[in-house]
Protein chains: 2
Amino acid sequence: MPEAPRDRLRALPKSIATVCLSGSLPDKLEAAASAGFQGVEIFEQDLLTHDGPPEGIREMAADLNLAITIFQPFRDFEAMPEPQRRRNMDRAERKFDVMQALGTDLVLVCSNTQPSALDDPERAAADLREMAERAAARGLRVGYEALAWGRHVNRWRQAWDIVQRADHPALGLILDSFHTLSLGDTLDGLSAEVPGERIAFVQLADAPRLTMDVLGWSRHFRNFPGQGELDVPAFTREVLAAGYRGPLSLEVFNDEFRAAPARRIARDGHRSLIWLDSVIAAPSVPAAPLPPPPALGGVEFLEFAVDEARGRDLATFVATLGFRLAGRHRSKAVELWRQGGVNLVLNAEPDSAAAGHFELHGASVCATALRVDNAARALSRAEALLCSIWRERVGEGERAIPAVRAPDGTLIYLVEPGARSIWESDFHLLVPEEPAAPGALAQVDHVAHALTGGQMDGFVLFHRSVFGLEPGAPLDLPDPQGLVRSRAMADPAGRVRMPLNVSESRQTATGRFVSAMAGAGVHHVAFSTPDVAAFAAGRTAPMLEIPANYYEDLGARFGLEDEALAALERGHLLYDGDGQGGAFLHAFTVSFEDRFFFEVLERRGGYDGYGAANAGVRMAAQARARPWMPG
Amino acid sequence: MPEAPRDRLRALPKSIATVCLSGSLPDKLEAAASAGFQGVEIFEQDLLTHDGPPEGIREMAADLNLAITIFQPFRDFEAMPEPQRRRNMDRAERKFDVMQALGTDLVLVCSNTQPSALDDPERAAADLREMAERAAARGLRVGYEALAWGRHVNRWRQAWDIVQRADHPALGLILDSFHTLSLGDTLDGLSAEVPGERIAFVQLADAPRLTMDVLGWSRHFRNFPGQGELDVPAFTREVLAAGYRGPLSLEVFNDEFRAAPARRIARDGHRSLIWLDSVIAAPSVPAAPLPPPPALGGVEFLEFAVDEARGRDLATFVATLGFRLAGRHRSKAVELWRQGGVNLVLNAEPDSAAAGHFELHGASVCATALRVDNAARALSRAEALLCSIWRERVGEGERAIPAVRAPDGTLIYLVEPGARSIWESDFHLLVPEEPAAPGALAQVDHVAHALTGGQMDGFVLFHRSVFGLEPGAPLDLPDPQGLVRSRAMADPAGRVRMPLNVSESRQTATGRFVSAMAGAGVHHVAFSTPDVAAFAAGRTAPMLEIPANYYEDLGARFGLEDEALAALERGHLLYDGDGQGGAFLHAFTVSFEDRFFFEVLERRGGYDGYGAANAGVRMAAQARARPWMPG
């Protein structure tokens with residue numbers, strides 16, 4: 001009786017191709033090992049540029065407990081006319097020498113891309129048979145993979161047909177999720193057609209959906225499973241269902257990864273495979289035992305790192321939005337400002353994590369607390385996903401709130417509903433809850449992050465894998481000084497929403513924020529209210545001025561009545577509709593110290609977006625506006 | 001009798017769409033005027049985000065002597081079912097109000113992209129006829145353009161068919177080079193089918209050849225004529241041959257332009273139209289009277305800005321390559337180091353342009369001198385192309401060499417062959433010419449520049465328009481810390497070659513150079529020799545170590561004999577072949593102060609490239625190597 005698929009999966013070593021990572025070959029090996037991989041693919045170019053013999057790489061890998069899972073690629077081999085055919089056999093023998101020095105027994109042959117290659121599966125099979133025979137004489141093996149842009153062979157079924165014709169025990173099929181999925185193909189039928197032991201190797205990569213030539217797409221935009229938009233889980237399920245037992249190996253060509261620190265990218269890669277492992281549940285392939293993501297109940301609080309002066313200013317600023325001082329911490333220089341279900345924590349405690357954050361980044365959000373159904377389970381999921389965990393020192397009788405460190409270094413606290421709230425245990429509460437006034441703020445609707453270039457994929461994977469937030473479609477937002485790329489993460493119920501923004505230019509508001517912050521961070525916080533018109537009517541907050549031309553056009557676009565338009569204009573409110581009866585009304589404050597700003601919004605009729613159509617007007621208005629000044 | 005086409009062309013006003021430029025709407029108008037444009041297209045989004053009435057924009061444009069050539073775009077108008085049809089007419093009336101306030105009489109309607117649009121040319125024509133009738137009642141006009149991704153209308157012939165069916169004097173056809181050329185279409189036959197006076201407006205954009213969805217291509221990667229790879233000259237010739245007499249207007253959506261200073265981009269835009277004007281010569285359309293580009297005879301000298309200490313070090317460094325001190329300047333602290341046809345000028349003169357360059361950028365190339373057939377003519381061409389011209393102060397009896405300022409701020413001197421060389425007039429020459437030793441350096445082969453992100457298009461246009469260098473295909477070079485995008489410029493005879501390199505990452509050698517230089521500059525200089533093996537055998541220069549693994553693979557790839565491989569390895573030489581009998585052998589020095597380095601190369605059998613296949617190995621070796629240290 002075969003093993004259960006779950007056990008099979010757990011037994012598969014996890015591997016990463018050196019081409020995924022930046023730096024020298026030793027840097028890459030070290031990063032792969034430190035992220036917990038069991039194996040590496042040696043990408044030939046990395047060996048060619050390395051100043052040292054292959055035997056040294058073999059030793060280094062062994063010292064790091066890394067298996068060298070494969071040597072790749074061997075290009076443009078099969079079905080060439082003479083004299084190239086003969087020369088290619090010589091070339092293969094030379095590479096076998098290298099493999100033996102490296103101590104790996106498998107080489108990847110990718111389908112020929114040369115114009116001179118013959119369209120002749122029998123010749124391709126004969127060549128691969130001869131290469132496999134030569135490999136077998138040395139105890140080596142050959143895997144054959146269909147490149148999506150191969151000259152005559154670009155589908156896995158064609159490659160499998162040739163492997164069958166060659167019919168040599170040292171020759172197997174190699175499958176790659178990008179080469180299959182990028183062509184709109186799937187592995188449907190794999191398990192019926194290909195015995196698992198004939199699959200020599202499996203390479204995994206995801207990618208954003210781009211309509212461009214597949215070669216350029218592959219060479220620049222691949223990313224790790226869960227970071228893109230391809231169905232890598234379905235691909236992996238098919239491979240496992242067919243009985244494959246070898247490594248799952250990441251092979252990603254990505255411009256941003258190549259420019260990022262190798263250790264960070266290696267850890268993201270391993271995280272992606274652990275996540276993948278947990279989502280490939282299917283009748284025949286149960287999920288690996290990672291605790292499920294938490295059910296989210298919204299944002300319990302946001303914590304701002306301040307010093308005493310900035311704390312006073314920020315308190316004055318949020319008071320204009322209707323927040324009231326609701327409590328003081330029992331043992332620390334920390335205030336709670338509250339309105340409805342929104343809690344803002346202003347932390348000026350010296351020698352705390354917040355103080356460290358303030359010193360590095362200035363006044364800004366240093367922690368976000370999420371309401372979760374089970375904090376211990378969420379924490380153990382995060383640990384299994386290679387996150388670092390944080391526990392703040394606490395005073396006597398105070399609650400310890402566990403936290404996960406986000407990729408920008410801020411903390412994400414995990415707060416469970418309990419008999420006694422954290423506010424009661426840790427704070428002297430000053431004012432009783434009052435019934436909400438019309439237009440009062442009710443909840444945190446979304447927390448927008450500005451990221452530095454190259455951080456988007458890592459953030460998407462972190463929030464998707466740890467908290468089960470799903471990414472929306474990528475958007476481009478027009479700042480007057482350049483484009484801002486945006487992707488919104490949200491849980492299925494829409495209780496926790498987190499737009500992620502990246503600006504290539506340092507001149508946009510987003511780019512300037514990242515420069516001012518010396519890193520990524522929370523750029524703006526949006527609060528929901530059930531009645532934004534009442535908020536606007538009663539507002540004392542310094543709201544962003546919106547030009548009259550905007551309302552002129554709004555009338556023409558949505559056919560709004562003059563009276564409704566005038567009300568919007570008076571309230572400095574922007575408007576968007578989703579064409580299905582949903583509407584979004586929102587207004588923005590000017591910024592606090594040119595660092596972050598607040599938004600107040602009302603969602604009507606199931607509107608699920610973020611008013612992206614208004615981003616251009618908002619950003620141009622922000623470019624004109626001056627930051628708020630106290631007093 | 002009709003006017004000659006040349007005169008017609010000269011009479012066409014030059015215009016630019018505000019969407020090409022960064023900043024607020026007033027910033028954009030100011031930049032367009034300062035670059036010498038006669039008109040602007042007002043892109044609606046720029047007006048919506050502007051805080052002030054359209055009348056103010058009208059006045060501002062008038063004060064700047066800018067005509068508002070068109071208001072655009074008006075989207076998704078024609079062939080909609082009711083009630084959208086009626087609402088679209090109301091929307092049109094509102095936009096007519098805006099146009100009258102702006103003081104422009106033309107609006108651009110682009111073909112409908114909505115799924116609900118009817119595939120009915122008669123209905124489209126009827127709607128446009130009604131819109132034109134309403135426009136005419138106010139003295140306004142409507143132009144109709146086929147978007148490349150229009151739902152039912154995406155070719156200019158379809159748009160022309162609808163304009164003919166509508167048959168209204170206030171309705172004309174709008175042509176856009178991107179929308180036509182991106183689909184592989186041309187304007188062939190235009191003049192036979194469309195009377196010039198029915199062409200209401202012409203928009204011009206170029207683009208790199210990318211295989212991707214045309215909408216994304218259009219919105220992010222357009223650039224100015226001459227910067228891309230589309231045949232914009234042929235497009236423009238057809239428009240003029242048809243008798244069009246309106247503005248030639250740039251409409252470019254480009255992420256890098258949107259993040260760059262508006263004045264620089266506006267000047268590049270105007271330069272592109274002046275260049276275009278000069279290259280559209282055809283039997284029916286003679287070229288505008290711009291002086292022709294110079295015939296180039298190679299690089300006469302490179303000038304390095306140094307101080308006294310750096311000058312001594314650099315002299316020691318170049319001496320290891322075989323350069324000898326050949327002269328001292330008659331009045332300045334300037335030395336000439338010479339070998340074969342290569343002259344290196346080391347300028348340590350205080351209070352000179354070089355001293356200013358040294359202060360800003362450190363030791364680096366501050367000027368390049370090109371051998372031209374006619375310096376005065378080349379200078380007048382550069383001036384006509386909006387370049388700034390430089391004349392250094394000279395001592396008595398010394399030659400004034402005119403120079404053009406390149407986009408990186410360095411100077412390009414123009415040196416004519418004359419009875420008396422600049423060396424004889426300005427220098428005390430120390431040593432007579434000697435017969436060249438075997439392996440001696442003969443000429444400057446190429447001068448490679450490292451650019452900051454966003455400078456590539458501007459540099460390409462500058463060198464193409466001013467000096468007639470043609471750009472090669474874009475390449476990606478793999479540095480261990482990220483990709484480097486490269487494009488090589490060269491004159492048709494290959495005497496002046498200038499690879500341009502951009503790194504998005506600041507971690508690559510190219511990126512670090514740009515950081516160290518605080519801007520773009522010459523990153524490496526390559527010298528040719530007729531016998532690189534002799535150079536290598538006699539070398540004393542500190543050459544870059546190349547790993548043995550490289551030679552292993554080289555043997556397998558090119559089938560080189562062991563002896564030939566060993567000779568390459570001994571000489572630290574890289575090898576490339578072009579598959580047509582041409583070969584390229586080259587070696588690199590380590591860097592001078594981690595700022596720039598030298599290359600020595602031999603071209604065999606018509607090899608025309610730069611050894612890009614070896615760039616990965618070279619860059620990895622550079623990442624390991626230490627800069628040269630004197631003594």
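Cβ coordinates come from backbone N, Cα and C, glycine included.
All annotation found in TrEMBL is predicted automatically rather than curated by experts.
Feature annotations, courtesy of TrEMBL:
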- B:Glu145, B:Asp176, B:Gln203, B:Glu251: divalent metal cation binding site (BINDING)
- B:His446, B:His524, B:Glu599: Mg(2+) binding site (BINDING)
- B:295-417: domain 'VOC' (DOMAIN)
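When the alpha carbons of B:Glu145 (divalent metal cation binding site) and B:His446 (Mg(2+) binding site) are compared, the span between them is 44 angstrom. Residue counts for the domain 'VOC' (B:295-417) under DSSP, split into helix (H, G, I), strand (E, B) and coil, are 31 helix, 47 strand, 45 coil.
Here the candidates are the binding-site residues B:Asp176, B:Gln203, B:Glu251. The one whose C-alpha lies nearest to that of B:Glu599 (Mg(2+) binding site) is B:Glu251. The two recorded residues B:His446 (Mg(2+) binding site) and B:Glu251 (divalent metal cation binding site) have their Cα atoms spaced 34 Å from each other. Residues belonging to the domain 'VOC' (B:295-417) score a mean pLDDT of 92 in the model. Within the same chain, the residues at least 6 positions away from B:Glu251 (divalent metal cation binding site) whose Cβ sits under 8 Å from its Cβ are B:Ala17, B:Val19, B:Cys20, B:Glu41, B:Asp176, B:Phe178, B:Gln203, B:Leu204, B:Ala205, B:Arg222, listed in sequence order. Cβ crowding, taken as the number of other Cβ atoms within 10 Å, peaks at B:His524 among the binding-site residues B:His446, B:His524.
Within 8 Å of the centroid of the Cβ atoms of B:His446, B:His524, B:Glu599, where the record puts Mg(2+), the same chain has further Cβ atoms from B:Asp445, B:Val447, B:Ala448, B:Pro499, B:Val525, B:Ala526, B:Phe527, B:Phe597, B:Phe598, B:Leu601, B:Tyr610. A Cβ within 8 Å of the Cβ centre of B:Glu145, B:Asp176, B:Gln203, B:Glu251, the residues given for divalent metal cation, is found for these other residues of the same chain: B:Leu108, B:Ile174, B:Leu175, B:Ser177, B:Phe178, B:His179, B:Phe201, B:Val202, B:Leu204, B:Ala205, B:Ser249. Of all Cβ atoms in the shown protein chains, 24 besides its own fall within 10 Å of the Cβ of B:Asp176 (divalent metal cation binding site).
The secondary structure of B:His446 (Mg(2+) binding site), as reduced to three states from DSSP, is extended strand. B:Glu599 (Mg(2+) binding site) is surrounded by 21 other CB atoms, counting those within 10 A of its CB over all protein chains shown.
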